[in-house]
């Protein structure tokens, strides 16, 4: 085996590294800070640590100017993210999340692009009660954010239930294995008695006292569906099914969507397949990959700290060699697989063992009641009688899963009663849309996303109808900033917020999530967006080959250049 010399980059540690170093395994002064009733906010050092506990301090940006005028502090509130490996939740857990959303949050539930629940608008004084109730529901927020392994994604594919069940178990085991071991979470939120420190005991055998240089994301896909966007993950596992059984996983490393506007040294990148492992080797592979990033990731410049930059700096071959050295065995050659799409399949689908699954379209992943659409109430009533489970999808939708044949009629009646929709009366474009939260709660947002994309799609749908493309599946994604929470540049049409009402527009991503999009127009508003799409969709309708996807067409037609690797994304 070729020998490589790996080194971590030079440079002083970032301020976040100092905060972690001084935190005593994520404790900091959080306990005292949360008991302080003078302010609804918390100091920045504690806010950095709060992420590891699954929460961010935010403020309502719609109210910011008015509160400044009144000489009031910002309308501080917390976002709480709940870890649900593989997006699977029991009906009892759904009911608990529903109750907490109405009792302590803003009355809505957000289903995220990583198959987790999010609460918005939780006040500081309600944080402890909320986290204790989440714990009582046998869920946790620990490591839902922060420089650790985040929620492990897993394909909730209702077509392959037997394989899904097995793959889900591996997702859950991965999640459990990579959870931080510190007791800080339990002491601060769950009133666990602090055990006297014993210096000879390693509190974090995998992470160490400094945890990882940056967030780390893992996802498992089951072909032909790439709904988890496996190539966007730091570590992706592609399930290989042979003769109806799970043979193992192809291993892909080094994906990540985030970048910084105007900084060409930052870029999105897709994970690359480096080999195959058996199911029982998955935990070992994941742990060793995480420790490589722990040891060689950039702890000086956070915007260069993701695993993708570690790989591009040191070389894929060097990282693979180091992985195999740490494993003590070599990965097998990658096995053939084929992805066909990265969207959801809506409505009723028959599974195995006489069970059924209903995939519900939830625009923007926002579960709430409106005057004409009692979505939250309907799901609450379904959860009261449902004997299967709920599966949050990576596209912010929901599968009412494992409905026994004898209960399908009852479930269907509830779906009809509350007008719950599979989205089939919407355009295929809308059904394949994805948006991050953005304004008013996200502190990083430069423009609207979740609140604006449905309105923009209303106008794009007119163009789609004019060109006979209503049932043509095209993925469209919007984020309020370039960080990539909605995996923006994997949308065939993508918008990244630049300033209020202005977006960078990207085209040319692959429908199956295997190619990044390319910058097409910079800093444009709605009028220009619609003008460009009128021309593009008209050309697509007239000039496309039979079965040709929109993302493939714009490259063949010379409208944008193909992105072959993240390192030439800006070329």
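Just so it is clear, glycine is given a Cβ too, placed from its N, Cα and C backbone atoms.
Taken from Swiss-Prot as is:
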- 436, 442, 481, 485: [4Fe-4S] cluster binding site (BINDING)
- 485: siroheme binding site (BINDING)
Other residues, Cβ within 8 Å of 436, 442, 481, 485 Cβ centroid ([4Fe-4S] cluster site):
437, 438, 444, 445, 449, 479, 480, 483, 486
What's the number of neighbouring CB atoms sitting within 10 A of the CB on residue 485 ([4Fe-4S] cluster binding site)?
22
Sequence gap of 6 or more, C-beta under 8 Å: which same-chain residues meet both conditions with respect to residue 481 ([4Fe-4S] cluster binding site)?
438, 442, 444, 445, 446, 447, 496, 497
Conformational class of residue 481 ([4Fe-4S] cluster binding site) under the three-state DSSP mapping:
coil
Neighbourhood of residue 436 ([4Fe-4S] cluster binding site) by C-beta distance under 8 A, where only residues 6 or more apart in the same chain count:
113, 442, 445, 449, 450, 478, 479, 480, 485, 486
